[in-house]
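Here the structure comes first, spelled out in structure tokens, and everything after it is commentary.
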Amino acid sequence: MAVVGVLALQGSYNEHMSALRRIGVKGVEVRKPEQLQGIDSLIIPGGESTTMAKLANYHNLFPALREFVGAGKPVWGTCAGLIFLANKAVGQKSGGQELVGGLDCTVHRNFFGSQLQSFETELSVPMLAEKEGGSNTCRGVFIRAPAILEVGSDVEILADCPVPSGKPSITIPSSVGVEEEVYSKDRVIVAVRQGNILATAFHPELTSDCRWHRFFLDMDKESHPKAFCALSLSSSSRDSEGRSMTKPFDLPIFE
């Protein structure tokens, strides 16, 4: 049975563990480098990215995380996890923070603003619906969220959303000798995939829609022959997307 690790330094790791339990997959909390050796894939949850980076440094996790990503094992970063996986991050605090890297993109750390600018919206996700069934939209929960400003040619865009009206201008720092560019597009990227890396600027683990977790597990199935032993889901208690029919779709589920 394949095992999914969840980086459990800070943030919404409990919610990811709960989502994995709901679909019958074994999840283990990861806090030390040696614990990465016993897992087949890894989720880096949302949280406070600077705090997570400090804790990762304290536990000497960055070399092991880079090795894990470089080995081609599936890795999914949500919110702060997206920042961790980006090759380049802007809008950081003074001094910046260390990144794992591997995802060919530029991410803005607080694109949507402060905690007060957190929001929920419906996202168009035709690729997710094609792979996992269900609606062509999903609920996006954005909490002091980042966004992806630019992606490389090998990065597949899975979802974007409108830039909020009245939002202050975002400047994209450029390389030496090139003028800075103001982000002027009316939509911004919030979910991507590049090979073994999946990244979302929002929090699927805070809703009862498990399709993003199933999508990620399908990535693991593509790269590993191990079987996933999923719990039987009764048609009377689950819909076609694996969501509980007795709990609201857009509310967190805690077990």
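Placement of Cβ uses the backbone N, Cα and C atoms for every residue, glycine included.
TrEMBL entries are annotated by machine, without manual review.
Residues annotated as L-glutamine binding site in TrEMBL: Gly47, Glu48, Ser49, Arg109, Ile143, Arg144. Per TrEMBL, the feature active site, nucleophile maps to Cys79. Sequence annotations record features per position, and here TrEMBL assigns active site, charge relay system to His203, Glu205. Taken from TrEMBL, the feature region 'Disordered' covers 236-255.
Pairwise Cα distances among Gly47, Glu48, Ser49, Arg109, Ile143, Arg144, the recorded L-glutamine-binding residues, top out at 12 Å. Sequence-distant neighbours of His203 (active site, charge relay system) (same chain, 6+ apart, CB under 8 A from its CB) are Ser12, Glu15, Gly46, Thr78, Cys79, Val141, Phe142, Ile143. Same-chain residues with CB within 8 A of the center of the Gly47, Glu48, Ser49, Arg109, Ile143, Arg144 CB atoms, the L-glutamine site residues themselves not counted, are Gly11, Gly46, Cys79, Ala80, Ile83, Asn110, Ala145, Pro146. Between the listed recorded positions, namely Cys79, Ile143, the fewest other CB atoms within 10 angstroms of a CB are found at Ile143. Counting other Cβ atoms within 10 Å of each Cβ, the recorded positions Glu48, Glu205 show the lowest value at Glu48. Around Arg109 (L-glutamine binding site), a 10 Å sphere centred on its CB holds 21 further CB atoms from the protein chains shown.
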